[in-house]
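Going by Swiss-Prot, these are the annotated features:
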- G84, 87-88, T92, 94-97, 112-120, S124: 5-phospho-alpha-D-ribose 1-diphosphate binding site (BINDING)
- G84, N115: anthranilate 1 binding site (BINDING)
- S96, E230: Mg(2+) 1 binding site (BINDING)
- R170: anthranilate 2 binding site (BINDING)
- D229, E230: Mg(2+) 2 binding site (BINDING)
Amino acid sequence: MTITPQEALQRTIEHREIFHDEMLHLMRLIMRGDMSPVMAAAIITGLRVKKETIGEIAAAATVMREFAHHVEVPDNSNFVDIVGTGGDGAHTFNISTASMFVTAAAGAKVAKHGNRGVSSKSGSADVLEALGVNIDLQPDQVAASIAETGMGFMFAPNHHPAMKNIAAVRRELGVRTIFNILGPLTNPAGAPNQLMGVFHADLVGIQVRVMQRLGAQHVLVVYGKDGMDEVSLGAATLVGELRDGQVHEYEIHPEDFGLQMVSNRTLKVENADESRVMLLGALDNQPGVAREIVTLNAGTALYAANVAASIADGIQLAREAIASGKARAKVDELVRFTQQFKR
């Protein structure tokens with residue numbers, strides 16, 4: 001059964017759910033550019049006001065995946081995405097990007113899906129460019145990068161070209177909509193495991209259940225109670241874990257892993273170059289908060305990737321990857337590999 005955009009808008013005004021097949025239809029209209037900007041703006045605003053349901057988000061993510069340019073990775077064992085929704089307003093250096101190098105050095109395969117900074121001073125694409133990585137790769141080149149280096153960066157605009165049909169609407173609205181939470185749900189390489197940071201506590205339970213509906217294997221959705229979309233050193237972290245089809249929600253604390261609780265204030269950066277310096281300092285094993293938070297997040301990602309049996313074991317593997325110099329070497333490896341495709 002199809003639904004007209006006008007009927008969908010009325011549904012949101014009445015705070016009623018848009019059903020799965022209806023949401024698929026509406027989202028396809030948006031992604032094809034077949035819905036007027038006025039109606040698209042009204043519907044995504046209406047969804048935000050009534051609060052998007054797990055079913056609506058899962059359907060929207062399904063369509064975004066349909067329209068994506070996919071990266072084919074034949075072996076998805078120990079294959080993980082480390083990603084945040086962004087929008088936490090913390091302006092920290094790129095913790096998840098730093099964690100990618102450590103996680104790959106410790107034996108996982110990482111498909112990092114990211115973009116330039118919008119709410120942050122430095123998005124993952126910005127800091128990778130500052131490091132010398134060529135982010136403008138075709139899907140087959142990203143697949144080769146994962147096979148060769150254990151890491152691949154998927155620059156979102158290259159993989160989600162249909163998003164251009166809603167870009168102007170989103171820009172003009174200037175408020176968060178369903179599209180702000182779809183990015184981490186739509187990894188073009190289809191990584192079955194994920195460490196996903198979110199910008200609000202309510203999203204922990206929502207996003208992990210969306211991933212459950214989308215057929216993911218092992219996912220940890222995290223929210224630092226100090227407002228970070230990462231596993232935090234400055235507060236407890238809420239975790240929603242999907243494993244073996246079951247969801248469990250719990251809290252973790254830095255002290256659980258022998259880490260000191262410290263403020264994340266020292267992790268703030270003003271631009272991509274400052275982020276690059278802090279990232280390299282952490283990977284060069286310089287003692288401090290940056291190294292510790294990367295170790296904590298990479299350890300959690302190694303658990304999500306099923307390389308480690310627990311977060312604690314993952315942290316130990318992450319420490320070894322940094323101390324041995326293997327994590328730092330991964331930066332140079334990715335730079336070298338991606339530069340051969342420079343156009």
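Quick reminder: no glycine exception, Cβ is built from N, Cα and C everywhere.
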Of all the binding-site residues given, T92, S96, N115, which has the fewest Cβ neighbours within 10 Å once its own Cβ is left out?
N115
Within the chain of E230 (Mg(2+) 1 binding site), which residues six or more apart in sequence place their C-beta under 8 angstroms from its C-beta?
G84, T92, I95, S96, G197, V222, G224, I293, N297
If you count Cβ atoms within 10 Å of the Cβ of R116 (5-phospho-alpha-D-ribose 1-diphosphate binding site), leaving out that atom itself, what do you get?
16
Out of H113, R170, which has the highest number of nearby Cβ atoms, where nearby means within 10 Å of its Cβ, if these are the binding-site residues?
H113
Would you mind checking how many other C-beta atoms are within 10 angstroms of the C-beta on G84 (5-phospho-alpha-D-ribose 1-diphosphate binding site)?
27
